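Data first, discussion second: the structure below is written as structure tokens.
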């Protein structure tokens, strides 16, 4: 072994293995070789370093690897050869070892080689022993030469002496090394002292110190270990024994110094002494000396002989005797002499003592010198004051000290003396002398010097010290203060202002003194007898002070009252034992100031004068006085002021007033008295002025004559000649002011010859005394008249003269003439000149009769000749008068003829001619009027026809399945999505309808609505979120009754009550909803839903207040009626179902509480409005979210029943997952179990995706196919493959929009009964729907593998991504606004409280998003989701997924991006999907692209087309909706305008609206919008549509494009979100608050918008419906619906194309919505999602509002949101928070930042960046992933781009609650992705999706908060469930509750 070891070390050196410390440390006892073998160490040993004894050990072991590598070398090669070879092997085979080698080889190698290796060679045993210490990498090693195997120590070894020196090294230089004993056996005998060691040392050493005497012959065993800084440790066994031997100190140290003396001033380097040490004869090494004990000394050694070494001790540093006078030093001799056999110590020690000698270098030190001394009062000169003492500082040889006083610069030295030797100080002069030159209280300073006495010539110079003493003189006697003067005098002006200072002029000096010092010198100054007039400062002074007196109150300074003021100043000492004071008088003389105005003797002067006074008449004399002195008291009268003042004279000196002229103008008849003012001024007319009233009362004079009102009175006698035809009264008036001057009397003075007439003298009435006899006979009179042509009545006329006189003096009178005519004839022949050539005789007679007041008989009519009288009188400016006719007629009057001027005016006006007055040519005038009226009449007819046509078209659209507005399925579903509640109800109700899935979903959503978000435990209830009673909330009602009500009604659910009512309605209408849902859930009954929605829209508008957009449309009225109906229903629902659900969930109470609790529960729930959305984390992403996704068993049963293949795609992702989510959610929620029960009950048919928030989240993630309809609302997460379900989600957003009222409504919906029933019903329906969905999914998978994939991508992305985002990635997507929504949808059983964002995110992530995007926002899932979504498998079908993703997007920006991903996924998926799905996607894409182009002009058409394409069911619903839209869009122009408006609106919303609107339109918006459109007034609807169009058109660029792109794959999902946006945005584009906070309002707006569209031309409805349908289709088509929704809106003008696509799409994926198709397309994920996908489909539809929006956001903006899904708490928080926030600050919440999810950094990040960082795609929905993968890169970029475009618009508007920002962000990002995907709708979807997702989560919360309402969606988790069926409807919900959901 020795040889081996020796060779091995060489090898080791050569190969320098890095001892990878072997398997285990070598035991000390083990043989050296064995330990080395055991230890696998890689040693660095340079070939030259011989000391690596370890290396051979390492070679032996080398971790087996080294062993094997090196072993052969080991044996065959010499050290160096082997070194190279081995090293090479190591390099190749053991790179790890090599890594360590270089570092170790470099430094340690050489050292080891030099020292250790050398010793190893010499002593192989030592080497072996050393090796055993196990080195990990490189453990420290003991120096083999210091191995204490057995140390012999003589028994006389001193205690505390060093008996051995240990050394150790470390190849890795991990110094310092520490030595210590292992165990405590040896602790009492010896101790180990590690010597200082640094990392720069090459060896570390330790001393073994003896602790006690050794017993001879006894063995002491112990173990010593050495550790490096890295923890490597080596131990060695040590043994010592004592020998009976005496240490030969003289042999060891032949010369050793004794005591060394050194002066303290010795210089550095001074040699003190030397020592000689003998070496050990056994060693070759010489002795090595060490000096220990003080750093001031060192030892220098040299070898003087072969046996000895000499060491010289020298000084290193300065010494100071005063500091230390003695040093004990120890000299250690290494390897010193030891007696062989008796002593084997390797070290010997000796001690030396150094004594420092003192040197005279210190001055004296005062030991006694009191610094302060108070001199006693009675001290006299010669008395001793004190004594000082000093000593020499050098204690070694002190010298004597002498004292003295320093007189330099000290005036007091002469007053004192000091004893030179004793230090006593004496007073030399009296204290008074000292006090005379000092200030009182100042100390007397004295400096004393102490100097050493030098007694030898050679001594150092004497040193001196000084000290300063202070003496205080005794206190003086106290004296009082005193003033400079004994009195003071000053002057001040009267009324001097406050603060005026009194000035004292010579000889008065205002100073006060006190000669005392200290406290006795402090005194106060106060004023006595001052009455507060003055104040003095300072109040307190010391020694001396000047004082200042100021005016404080000038009320006493009145010269007129007193000319002077006297007071005293008191100065009083404030000392503790003194009250000495001084008092001085002050007299202040007051200077008079002209401060008084003149005062008149009387307050007013009144005089009575006759009105006829003459010049010079004295009026009055005034007198004023002034108390001021001098000129100030001299008054002049300066002016008379007032009316007629120039008629008076005023004497300036005397004040006499006289009349200045006869024409003075004073007239009693004008006014009874005149008021003037007389002014007086002092200062001789230039100073203060005063005025006094002068009243001149006039005395009336009889200067007025009675005047008759007529100069001639004419009266006609009656036929009986006994009276007059009218009362005959004459009247005269006298203007005099008073009686009797104005009393009038009458008399006849002439003409009353026969005294036949009597005149009453007072009244002036003329009467007949007796029957009058006419003078001439009637015949003659008549004859004469006829012949002369004039009356010969002179003979029959009586002419009287009457006089009127007054009673004044003198009497004044006037006269008048009275003519009395005989009885009048009743016939008269009159010629009338009338306009016209040949007037109609009968009409002319009528007109003339009216004119004349008699009966007119026309004799003849002839033209008027120019020369006839009257011909020239015709006005010149009347061109029509050229032709006139003369009508000769007889006018017969009866006894009383009446002329009605108004009738004449009417007749004339009828002819529109001034000539018509004449009975001339009435025919011409009549003709003109008739013509004008005809034009108006036909215009009205045309308008009525257009209206009827619009209504018919809307009806047809609703009826015809091929119509994108098809109301039965598509539109119905749209309604559902729009009103999440309605949608959910519709799904439930649809259980018996088209498809159990859709119906169940609707019902389920309704139930969800009923239990509202606040009931988090009831997943059903929560997903239902019926509380969104806004138009969006109408989902419940609208789904059930939403088909009837229409989207408008759904949107209309503004208040919680309404929403709850709607929930109830939805329940009531369950059968209808089911039928509709089966048909296409929302879309099937789109018309009905539209009606409902319209109704809702009106109510919502009323509730929201901003629903004006909806009212704008004609549909508004219809919607309003429907809304009222719906509202009443809804209210019932609200009260029972929703309230019960909320109560059960506790959401009504826990609207915010739930949010918190959810948050605490890992923030699994987002509180959206009243809904608590469970933020599901994707399985891979979120702890709960993942489970939730997996657990989201409740895939949205195909919202689109058989009609939508997508529905089957609503795979039950994981029943277990869903249930787990539900359980988790329930556990987390106080009412969790109940919630689950209620949720399941509520949404039996539909997948209980929402049942548990956790489940919901998982559901989203789980289902690639499931569409968490994020759009629906936080809790309305319905995993619907059909977009209609998404509409349900929209319904919740609507509620969110109308959050305040919705929340309230939602709370009522929480009723336990309703909740339980609805939950049970929903569970049943959901189960049925789930089965249907699974069946449909299978069909879709079979028929449309690619389509299914697309559907998966579309529906699942929305749901799965949303869910994933919520839980993980999906949670991120949904986290935004509707994590809860999506999640709830996914796990309907869950109360998808936070589902809105998280779930949407999750769904989106899974389906269409790559997790990439989701990751950044809230969790890795976001990233993955987004990537998945990006997958371009099904660009278009993935869009359907995008619908879900949109929901997710709404929740999280990441989800939006994910939506883009979903788009790409959908693109990828489409291959999987049947061609039809792909085709639909392509159509959508094209439509989207076209929409981008045409959206401005035909946004509505695009929407309609999109809806049409969505699915047959969707088409029907959409057709109905489109019909409505078309009605609204009656004219292309209006449509184009609307489209533009919509697009603009979207843009305005920063894409949020676009997203929302598009989503709303396509998925939920379409239906809901249409319904809402119908519901609100047409104008509102138009407005809404315009907004939508604007949104569509505008977003065309930012949002629509995104949507279109998304449309291809995520677009379907996205449109849903966009329609939501549409709804919300239209209403609140400007105010994103509405969008997010007022889902109802926005929804109403959108609804209005769509309604408007509907009214304008079915186009809007088509747009809405298309959007809805698109949304549904999206679900079916991988979110194509959403994208298409955007696309539809964009392609509104391309409606036909889009509609075709939609129709095709519908055909291809009628059963499954986009998500369903996507699910099929992506069977693997779908199968995983299986049921979940159906659920996803449902959820997708439900979530689509959110999902679409979120998807957009995920894809474009929401993609980042998947991460939010990561944090379900955020989602949950969103639901609660969003509700609360929506209520509180809806606008802000709408902002990305405001969204609760967005508020969470994760959500915001997701929103903004989620696209780029999708969560791990584990949970990615297939539909989402296919398109999402591109999202990872492209999605992220596109999402970002779209998002940036939108974000620039929307992100900048972040203030505008989430909707704008989110829409912008998500739209931009999504748009980019969509563009990449080639889906024009992506942008729109993004906007909508963003908004929708926002609505679901953040937006919804924001909207609700801003509205102060609960987030309808958030409140209605059930709504989300339903939403999956009615994706469009969910979208529409967004319009009402969009903001909350998506924003």
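Glycine too: its Cβ is placed from the backbone N, Cα and C atoms.
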Next item on the list: Write down the single range among 1281-1339, 1458-1516 that appears in Swiss-Prot as region 'Disordered'.
Entry: 1458-1516
Notebook entry, point to check: Swiss-Prot tags one of 1017-1037, 1038-1058, 1059-1079 as region 'Disordered' - which one?
Noted result: 1038-1058
Checklist line | Stated Swiss-Prot location of transmembrane segment, expressed as one of 914-934, 935-955, 956-976, 977-997 | finding: 935-955
Check: Compared by Cα position, which of the glycosylation sites 244, 419, 531, 612, 645 is the closest one to residue 585 (N-linked glycosylation site)?
Finding: 531
Check: Where does residue 645 (N-linked glycosylation site) sit in DSSP terms: helix, strand, or coil?
Finding: helix
Next item on the list: List the residues of the same chain that sit at least 6 positions away from residue 244 (N-linked glycosylation site) in sequence and have their Cβ under 8 Å from its Cβ, in sequence order, or write 'none'.
Entry: 154, 155, 216, 217
Check: What's the most sparsely packed of the glycosylation sites 419, 645, counting other C-beta atoms within 10 A?
Finding: 419
Note to self: Just to verify: the residue among 531, 579, 585, 612 with the fewest other Cβ atoms within 10 Å, which of the glycosylation sites is it?
What the structure shows: 579
Next item on the list: Measure from the CA atom of residue 579 (N-linked glycosylation site) to the CA atom of residue 419 (N-linked glycosylation site) and give the result in Å, rounded to a whole number.
Entry: 45
Check: Listed glycosylation sites are 531, 579, 645; which of them have CA atoms within 10 A of the CA of residue 612 (N-linked glycosylation site)?
Finding: none
Margin query: For the domain 'Cadherin 1' (238-366), report the average pLDDT of the model, please.
Written below: 90
Check: Could you count the residues of the domain 'Cadherin 4' (601-708) that DSSP puts in helix, in strand and in coil?
Finding: 11 helix, 48 strand, 49 coil
Margin query: According to DSSP, does residue 585 (N-linked glycosylation site) sit in a helix, a strand, or coil?
Written below: strand
Checklist line | Between residue 645 (N-linked glycosylation site) and residue 531 (N-linked glycosylation site): CA-CA distance (Å) | finding: 49
